[in-house]
Each structure stands twice: as C-alpha cells, then as structure tokens.
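Visitor: Could you have a look at this structure, given as structure tokens, before my questions?
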Amino acid sequence: MTQHFIVIGNPIAHSKSPEIHTLFGTQAGLDICYQRQYCPDDAASFTAVIEAFFHGGGVGANVTVPFKQIAYECCAARGGLSEHAKVAGAVNTLLLNKALLAKGVPPVEALFGDNTDGQGLVNHMQRLGWPLNGARVAIIGAGGAARGVVLPLIEAGIETLSIANRTVSKAEILVDELSTASEKINQHTIQTYATADLSGDFDIIINATSIGLSGETLPLTDKLNCQYAYDMMYGRELPFLQHFSIRGAQTSDGYGMLIGQAALSFERWTGRAIDVAQATTALENVST
C-alpha cells in the first residue's frame, strides 16, 4: 500500500523534499508518494490542509516557511510536541500520536509535532568528522534557525556557546527564552554579543542567518577565528564560508543538514533508518 506524505509551504515549488524522500523510500524498500503542497499564508488555511490530508489517510508531513510556528500551535493544542519542538517553538515534522489513536482519538486531533532541524545539523557535522564534544561554538543569528539548533548542540556535548546578533538585545532575549524552555539549556552558560563585537578563537562558528543569500556580508572582525565554519544556507557561493575558507577553516553549507533533517523525519514516520551518506551521494549524482 502506498504511504502518502507532503511538504507544506508558501512558496513551495523550489522544495527538494519530494526528490529526497522518494530516494529514501527506494532505499528503504517502501512504496511512498511525497508531494509539494502549496497553502495560503494563514492559520485557517494551514489547519484545513492538514486536517484534510490526515483525515484522508496521510502518514506524515513536513512543514516549511512560513508555517512552522502555526504547526507548533496546532500540535500543542492536539497530540503534543517533542522536547526539541517545544524548545525550538516550531515544528517541521507532523505525524500522528499512536497512543492517542489507540484510544480512539480521531487523526486530526492526534497531530504530534517534532523538530528535526537541529539534530539534522548535528548529525551532518558528525558525518563530516567535526568534533562537537568539548567544542567552543558560536552561532551568528538569533532567529528561528538559531533557536532550533541550540538544544541539539548542547546535547552533543559542546563546552561553550556564544550567540551573536546584529542587535545584541535580540540574542539576549533568545537566551532568556531558551533557558526558560529547557533545563538542559538553563544549566549551560551562554554568552551573547553584537555580531561586530564577536572575536576570539572558536572551534566551530555557525551562520544561522540568511544574509549570504542576498549577497550581503556579515560584519565579521579579523579577530574572529575558527577551525570549522558552517552556513545553514545552501545552493550558492556563500560569503560567510569564503571569509573563513581563506583563513584556513574547513567549511560546509547546509545541504547535508537538509538531507539529515529529512532522514530523521522519514525515520519518525516509517521506523526505517536511512543511510544518509549513501543518500547524499545519490542525490549529488542526480543533480550533476
């Protein structure tokens, strides 16, 4: 029997998720149908699309911009949230709470939300061989992308964490909110800086902003150094990575994170683990 999945967003035509998950299905030996689903940008439309999909037998859905917070609110009022979703304040993976289904709760009232973005980032760094345990890490950006990766990084054993943002007050607010949301984070001291004031030696620096996609550059000082630089964006030459590459750092964009978070979603839905390295090679061969 074919298992049905969707990715919901606006815009959505650019999404690589159908190709990625179709490959996962082939690797796992499962008959799946994964489609893009456009949705008008409002909560009522999102709820209607989700309810129709799961009422019709859908197995799982991915959620992308601008609906991750709406999905969070929807699941919080229904089937629940994972710890990572609670801390991130956003949901990128929808599935059904089997315990509630077993009690006779209708599928649309058993929606459960997870967030696999941060773990996808951590898993990609681990596949690259980047040392996270004991690492000194800095994140540039204090928006939703940064929020979603803090807990997985701490769970991976990093030693210190600094968060920098053009407006330092936004970084301070983020740290306060994260510390309130998670005892694991509350036990970890996080330093905050204005991006232009971030300096010193770090093992890993992560760009969690989209500035590079617009051709802008971050106000990085020459006194800021790292061994590894990671940009969560992908798909073009990124000034952030160029800045650190010429200074001798190993660099990576976020394409591996995209595949990693997708693999985790697929495993949540189907119970099948994906060989991400094999899948990445296959996808790279298809795109070249």
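For all residues, glycine too, the Cβ spot is worked out from N, Cα and C.
What Swiss-Prot shows for this protein is this:
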BINDING   SER15, LYS16, SER17, THR64, ASN92, ASP117, TYR234  shikimate binding site
ACT_SITE  LYS68  active site, proton acceptor
BINDING   GLU83, GLY141, ALA142, GLY143, GLY144, ALA145, ASN165, ARG166, THR167, VAL168, SER169, LYS170, MET232, GLY254  NADP(+) binding site
Visitor: Whole-number Å only: compute the distance from the Cα of LYS16 (shikimate binding site) to the Cα of ASN165 (NADP(+) binding site).
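Guide: Approximately 29 Å lies between the Cα of LYS16 (shikimate binding site) and that of ASN165 (NADP(+) binding site).
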Visitor: Counting Cβ atoms within 10 Å across all protein chains shown, which of the binding-site residues SER15, ASN92 comes out on top?
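Guide: When each Cβ's neighbours within 10 Å are tallied, ASN92 tops the list.
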Visitor: Going by Cα-Cα distance, which of the binding-site residues (GLU83, ALA142, GLY144, THR167, MET232) sits nearest to THR64 (shikimate binding site)?
Guide: GLY144
Visitor: Validating a neighbour-count step here. Other CB atoms within 10 A of the CB of GLY144 (NADP(+) binding site): how many?
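Guide: Neighbour count, Cβ to Cβ under the 10 Å cut-off: 17.
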Visitor: Can you tell me which of the binding-site residues GLU83, ALA142, SER169, MET232 is spatially closest to SER17 (shikimate binding site)? Compare CA atoms only.
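Guide: So, spelling it out, the nearest of the binding-site residues is MET232.
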Visitor: Show me the subset of ASN92, ALA142, ASN165, SER169, TYR234 whose Cα is within 10 Å of LYS68 (active site, proton acceptor); these are the binding-site residues I mean.
Guide: ASN92
Visitor: Could you state the CA-to-CA distance between ALA142 (NADP(+) binding site) and ASP117 (shikimate binding site) to the nearest Å?
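Guide: Each residue's Cα considered, ALA142 (NADP(+) binding site) and ASP117 (shikimate binding site) end up 15 Å apart.
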Visitor: Any idea what DSSP makes of THR167 (NADP(+) binding site), helix, strand or coil?
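Guide: Where THR167 (NADP(+) binding site) sits, the three-state DSSP reduction gives coil.
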Visitor: Which of the binding-site residues SER15, ASN92, ASP117 has its Cα closest in space to the Cα of MET232 (NADP(+) binding site)?
Guide: ASP117
Visitor: Of GLU83, ASP117, which of the binding-site residues has the most Cβ neighbours inside 10 Å?
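Guide: When each Cβ's neighbours within 10 Å are tallied, ASP117 tops the list.
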Visitor: I'd like to confirm something. Which of the binding-site residues, SER15, ASP117, TYR234, has a Cα closest to the Cα of GLU83 (NADP(+) binding site)?
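Guide: Looking at Cα distances from GLU83 (NADP(+) binding site), the smallest one goes to ASP117.
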Visitor: Would you mind pulling the longest C-alpha to C-alpha span across GLU83, GLY141, ALA142, GLY143, GLY144, ALA145, ASN165, ARG166, THR167, VAL168, SER169, LYS170, MET232, GLY254, which the record has binding NADP(+), in angstrom?
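Guide: Output for NADP(+) binders GLU83, GLY141, ALA142, GLY143, GLY144, ALA145, ASN165, ARG166, THR167, VAL168, SER169, LYS170, MET232, GLY254: max Cα distance 28 Å.
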Visitor: Radius 10 Å, atoms counted are CB only; among the binding-site residues SER17, THR167, which position scores highest?
Guide: SER17
